[in-house]
Structure formats: C-alpha cells, structure tokens
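Structure record follows, encoded as structure tokens.
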Amino acid sequence: MDSPLRHGTYCYPFKKETWMHTILLSFQSIGVVYGRLSTAPLYVFGSIPQNDFKSDESAYEYFSFIFWTLTVLSLVKYTFIVLKADNDGEGGTFALYSLLCKHAKVGLLPNDKTSDDVTNNETGSPSRTKAESRARRAIAKHKSSHYLMLFLALFGSCMIICDAVLTPAISVLSAASGLRRSLTDIKYSSSRKTEDSVLKDLRKYVPVPTSCAILVCLFTLQQYGSHRIGSIFAPVVILWLLFITGVSIYNIFHYDPHIVFAISPKYMYKFFQSISWRSWRSLGSITLCVAGSEAMFADIGHFSTKSIKMTFVCLIYPVLILSYAGQAAFISHALSIKDSSFAIEDYNHFYRSVPDHIHYVFTILSLLASAIGSQATITACFSIVNQCLALGCFPRVKVVHTSDKIHGQVYIPDLNWMIMILSLGITIGFHDIVRIGNASGMAIISGMLVTTCLTSLVIALYWEKSLLLSACFLVFFGSIEAVYLSSNLLNFHKGAWYLAVLLALSLTTMVAWHYGTLKKYQFDIENKVSMEWLTDPTSGLRVSRVPGIGFVYTNVVTGIPAFFSHFITNVPAFHQMLIFVSFNVYLIGRVGNRENKIYRCIVRYGYHDHIRDSDDFEEQIIRSIGEFISLEEHDAESLISTEGKMIIVGKQLPEGDALIPLHDTGATSSPRASTQTNINTTEDTNPKRKRKKVRFMLPTNSPKMCPSVREELNELVDARESGTAYFLGQSHIAVRNGSNFIKRFLIMVYVFFDKNCREPHVALNIPHAALVEVGMVYTI
C-alpha cells in the first residue's frame, strides 16, 4: 500500500536511522533492556550453595562456565544471529512464529483466498518472491507440525510472562538482602541481648517489606512508557556499571590476577571430571548470568536492532565479563582462607566482594539498579502479549501506545497490575533468593530453547539456508541449553515447581483463548451466506432500505456473516449504503451491482497497529470508499474476487481527492431507534455528548470526474449526513452434546474470559446510540 496512513495506527513513513538516533536509543536501552543483565552479578554466584564451592578451583570452574555461556548464548546466538530474525522490527518467540506463519503457511487460522491474493500482490511483499522449497512443502503437508510450532510459540511466550513475574522478585529481594546485611553490620547496643533482638528484627522485617515497596513503585512507573523510563533509569544503570567495573578491577588485581586464565575451557572439563548430582544441580544457577538475553530480543520493538546490538557488544558484554571475573577472584581468595581465622561468611554473595569503605554506596546503587533490572522482562512481556493479542492467542486487554514515534513501545495496564500482584506473592511467600532463582533459571533456559527451535526453522524456511546449517544451529545451541535445562530440572522441588504453576495458568489461558477464537472463526466461515442471498431480487427477502450508512464488522472477508443474515431474517431492513468491514489487509471492493450500494472494506490491522476513536475510523473508511469509486473504472491493478473487483487504496488520484473533509466540532450525537427482535442495543446515557463530526463535500473543480462517479459520491455524502449505525455480532458459545472433557474445559475457560475481559477494540469507542449488537448462539 502506497499511503503510510492505515486504520488504527500512527504509522510514520520510514526514515533511515541516523547515528544520533541510534546513540539516543542505545542510551535509553541501557535503562530498559540491559538492567537485567547488568544486575545479574548480584545473585548468580549467590544462588550457588556454598557447599558446592569445594576449593579455590571451584571459582575458576564456575567463572569459566559463566564466560562461555555469556559468549556463546548472549553474544553469538542472540546478538549476531537471533536479532536478525525480527518481524518488521518486532522480536520475541511470537515474532518468529509470525514469520513462519507468513512465509511457511503454518498458521492455524483459516485464510480466505481473497485476502491471501491481495497480500501476495502487494508491492514489495516478500511472500511473492519466495520459491516453494522442499522444506516448506514438507512442513505444509504435515498439520501436526503446525500445532507443534504454535505450541512452541505459546510455550516460549508463557516463559517470558513467567520470567516477568519472577525477575522483579529475585532482583529486588537480592538487593534488599544486601541492605539488611549492611544494617546488621552497625553496632546498635552494648547489650548482647538487645543486639541479638535488633538483628533478628532486621532479618525478619527489612528484606521483604523493602522489596514489596520497591516493586509497587516499579510497576507504578510503567505507565510512563519505555522512552521516559529509559531516560530516567539509564543514568542509574550506567553508574552501576561503572561501579561494578571499578570494584571488579580492584578485586582482580588485589585478590587473584590469575583469574583471567579461567576463560580456558579446560576448567569446564575439570568440572565435568568430578561431576556429581550436587554440582550438576548448581549449573542451574549459572543460567542466571544470561538472564535478560531473551528479553533483549523481545524488546527490539521498543528500540532498534542496531542500538541494542551496539550497546551489548561495546558496553554490557565487557563489563559483565569483568564483573564476574572480579567476583570469582574474591571467592577464590575467600576459599583459600576459609579454614583460617580470617574466614569470610557469605563469601559467594556480591556484597562481600565490595570494599568496606564504599559499602554504603553499593547498597544504594544496588537497590536502585535491582529495581531497574526488572524492567527488561516487564517490557518484553508487554511486547509479547501485544503480539499474542493480534494473533488471537491472549484475552482482550487494553494496550496503550506510549510513544508516537516508535510503534513497539506499549504498556498494558491490566497485565502490569496482574504481574505486580503475582510478583508480590512470590516475594512474600518464598522470600528466598535460591528458590526464586531456581524457578527463574528454568524459565530463562526454557524460553531460550524455544527460541533456538523456532530460529532454526526461520533459517530453513524464511532465510532459505540449507537444512544442514539449520540443523547445526539447532544442535549446537540446543545441546548447550539442554544441559542447563537438565540441571534446572534437578531443582524442581526447590522452588522451580512454582514456575510449573505459573506456566499451567498462563498456557491454559492462551490455549483456551486461541481454541475458542479458532472455533468461532471456523463457525463464521462454515455458516456465512453468499452475497447473492442479499442482493438477488429473486430471493424473496423483500428487504427495505433506510437512509444512512451501516457498518457491519466481521472476521470473514467474503460472503455475509452468520449474525447479519440472522439479523436480516428477523428484521428485513438495512441501510441505504452498507459497508462490511474486516481487519486483514487494506482493500476496498463493491458487492454486487452498482445499484446495491454495498461495499466491502478489509482493513490492515497487525500488532504494530492500535485502534483510534470511531470517528477517525469512520472518516477514513468513507474517504477510502470515495477513492474506490473514483478508481474503479480505470484501475489496472484491481483484483477480481468472487464478489467483484477489489482495489488496494491509498494511491494518489489523478483528479485529486475524491472527497474533501470539512471538520465540524459542534455536532452532537442523537439516539436512533432500534429494533427489539433478537437484538441487544445499548443506549447512550448522554445523548447530547459532544463528539467530533467530519462532513464531506465533492471537489468543485474536477473535470476528469465522470458523471456516474460524481452521482455515486453525492449519494455517499448524503448517506453519511443521514446517520451511521454499527453492527456487531455478540456470540454465545455452546458446546455440542457428547464433547470430550478437554473441549468442554477449554470452551469454559474461553467463555469466562470472553465475559470478563474488555470489549472488542472496535466496540470501545462506538457511540452507544449507534451500536447494534446482534446476539447469536455458536454451537461448536
């Protein structure tokens, strides 16, 4: 489509990203994307039980694992490979699945042929140029593989949602524990009994209440959007990075300069030589060092691939390597003296490696940075759910676009408060870094394994590389992640079970919603009525036409939806002009003969887009109809569908605009009469409410316009002046007798969320006086 304007979106013409813009986005990404990776040193070594540190060689072995895990997974896999697999600037598991749906035809929602034809004929559509490879044909032939890919996408998305619940808890609790330790170092009383009582109260009341207060503040800030939060948080994260860099360099030179040689893989080999169930289980804690890598991919819609890649390679990666090296050097020193009188308690916790004279600076910075560290997974969760919404895999929630320049910066209030409540519950219920770390580690590595599987499919099916290369990618990275996953499974009884509970809740919700959406759409496709039933004068309907325009919202792009045929059967009347509106690709067409005055408008709507108010939409549709009427006679690129000619609109007309809008802000909406049979019409409580009204007129000087075109445009303007009504189907789902338990359960869950979540986006801003909801029972 040539025009940058699409319904429901603030769509901006693409501009090449300048270096200044990249630097600005890089600065903001430090506060949003990299807070999680930057604060991981607070709890990676600390979540490893002290009994697993057998000697000073253990510090070398664990650091070797951390170095190669960060290098292979975060740097090589994500930064140089996975970040290239974005879907129009969006990342995450569902972006990978969307790529496969578009280019390998693995989507489960039935596609209308007309919609596919239009998509494939759009200018610059990649699917038009992709040849049908052997792998793509094999995938398309086996329906079970389609279900497997959907399950992987849903599973990976659920892991990001679960991680968004667990990460704030472990990040903030680890910093609050550091605050508690700092307070316990203070001498409060000369009395031993009083001192013990104060220390006991500090251990009991400081970490959890402090963590809860920080969590509430963190989630309250989310409404201000990624760009504002990033600008506020970035200076704090930069200070934190500078601080841990200085501390780490000091520890390396002061305690053990030879720690730099631990990057040799021989130390990992030594670890495996003396492996045991206990030491194998401790590898699950190493997983936390790459916490935030998956969020780095999911958050690219909030910034840009170039800015995220540049920041990680030039700043985050070298600082993290130094940080873990410095902490390992301190642990190595502490282990070498643990049997002496100078033994250090809690030596595997980061706060112990900080010199005493700057300990309070560390406490303050760690509290601030840990709160910020949760931001990456929270914004990743918003992005993933926004993508799931567009593909019918998540219940309807409100999505707020917080930036008018970057479409991927979204905020979901309902989800934000739900995550906050769950995170507070984990903090209060567990209040243990090790157990929360076990659950978080399993969520991290499971999500990474799903990304590896889907990326290998993208390599073969979308990038069209050889199957051997795709298999090598899967085997190499998948085997590493499988090792870490197995170690995390050994910790299932030590906190990781809570991840299974969160996964069951989120996965059931998403599967049930997608199943219900799929069944509803299949019912609409199977029960739609041909247009001849409505337009053929010999059908015997005897339909009356009333002045005005009727908008009929439907998911099907050909034929008459079942709910509208149900309406016509009971109330044989519709408006002077009728427009069937679907959300798929931007296309305008005529239904039947010119005299019928019935049109179909198929509107592009993806997860980059969001709905504006109904007046803007109504204005855009009417202008598009006018453009179609002007182009219809001489458009060479039109598509002939089963219902007639369809035209992609948004082009510059040779005779100028077909309709000229005249804004009139003084118009009021008045209630219209409604029919009672089988219809639920909601009346407007304030019929005199002021609302924007856009009137249209024809251009006065347009000699190229045909008389028939001018006449039809005049009729369109007159119909608009007579008023507008919006028809929506209100479905009531019933399960067929004899259905199995799983089907009944999924439909029950779907009906629960359908009744209790938000209205469909298209209904939110429609004036109640003009809204006609047609009830119909869907038996599936």
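Using the three backbone atoms N, Cα and C, a Cβ is placed for every residue, glycine included.
Automated prediction, rather than curation, is the source of TrEMBL annotations.
Annotated features, as they stand in TrEMBL:
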TRANSMEM  23-45  transmembrane segment
DOMAIN    26-535  domain 'K+ potassium transporter integral membrane'
TRANSMEM  65-83  transmembrane segment
REGION    113-133  region 'Disordered'
COMPBIAS  117-128  compositional bias 'Polar residues'
TRANSMEM  147-173  transmembrane segment
TRANSMEM  233-253  transmembrane segment
TRANSMEM  312-337  transmembrane segment
TRANSMEM  380-397  transmembrane segment
TRANSMEM  417-434  transmembrane segment
TRANSMEM  441-461  transmembrane segment
TRANSMEM  467-485  transmembrane segment
TRANSMEM  497-516  transmembrane segment
DOMAIN    547-780  domain 'K+ potassium transporter C-terminal'
TRANSMEM  573-592  transmembrane segment
REGION    666-690  region 'Disordered'
COMPBIAS  666-684  compositional bias 'Polar residues'
Contact check, the transmembrane segment (417-434) vs the transmembrane segment (147-173), 3+ Cβ pairs under 8 Å, seq sep 6+: yes
Non-local residues, at least 6 beyond the ends, that sit with Cβ under 8 Å of the transmembrane segment (497-516): 108, 150, 154-155, 157-159, 161-162, 165-166, 388, 391-395, 422, 426, 430, 435, 439-440, 442-443, 733, 745-747, 749-751, 753-754
The transmembrane segment (147-173) in contact with the transmembrane segment (467-485), cutoff 8 A, at least 3 CB pairs, sep 6+: no
Residues from the same chain, set at least six apart from the ends of the transmembrane segment (380-397), whose C-beta lies under 8 A from its own: 90-95, 97-98, 101, 107, 109, 153-154, 157, 160-161, 163-164, 294-295, 298-299, 301-302, 408, 410-416, 419, 509-510, 513-514, 517-518, 521, 605-607, 753-754, 757-761
Residue numbers, six or more beyond the limits of the transmembrane segment (441-461), whose CB comes under 8 Å of its CB atoms: 47, 73, 77, 81-82, 85, 93, 96-97, 99-100, 103-104, 133, 135-136, 139, 149, 152-153, 155-156, 159-160, 162-163, 166, 284-285, 287-288, 290-291, 293-294, 297, 467, 469-471, 473-474, 477-478, 481-482, 484-485, 488-489, 491-492, 496, 499
Remote residues contacting the transmembrane segment (467-485) - C-beta distance under 8 A, at least 6 residues beyond either end: 69, 72-73, 77, 81, 135, 283-284, 286-287, 441-442, 445-446, 448-449, 452-453, 455-457, 459-460
